[in-house]
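Below is one structure; the comments refer to it alone.
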Amino acid sequence: MKLLYLFLAILLAIEEPVISGKRHILRRMGNSGICRASCKKNEQPYLYCRNYQSCCLQSYMRISISGKEENTDWSYEKQWPRLP
């Protein structure tokens, strides 16, 4: 019986959390991307999810393609929010 509980605990720890509907949070985008067949009005498609749906991000999200922060002349208040 203890072996069964151990197996269930390991199985639950390995599985990704279940989210209702067909939305899956895309972890590599800082938990900000949602996989959808089509994005809402205030969202922009960015890359694709594993299930070939668009990864939708809020329109105010700024993504750096180069992987390094760009040096701009913007003041701190005018910068876009950073993804963790």
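A Cβ is built for glycine as well, from the same backbone N, Cα and C atoms used for every other residue.
Small disclaimer: the values here were computed from a predicted structure and weren't measured.
In Swiss-Prot, C56 is paired through a disulphide bond with C39, chosen from C39, C49.
Taking each Cβ in turn and tallying the other Cβ atoms within 10 Å, the top scorer among the disulfide-bonded residues C35, C39, C49, C56 is C56.
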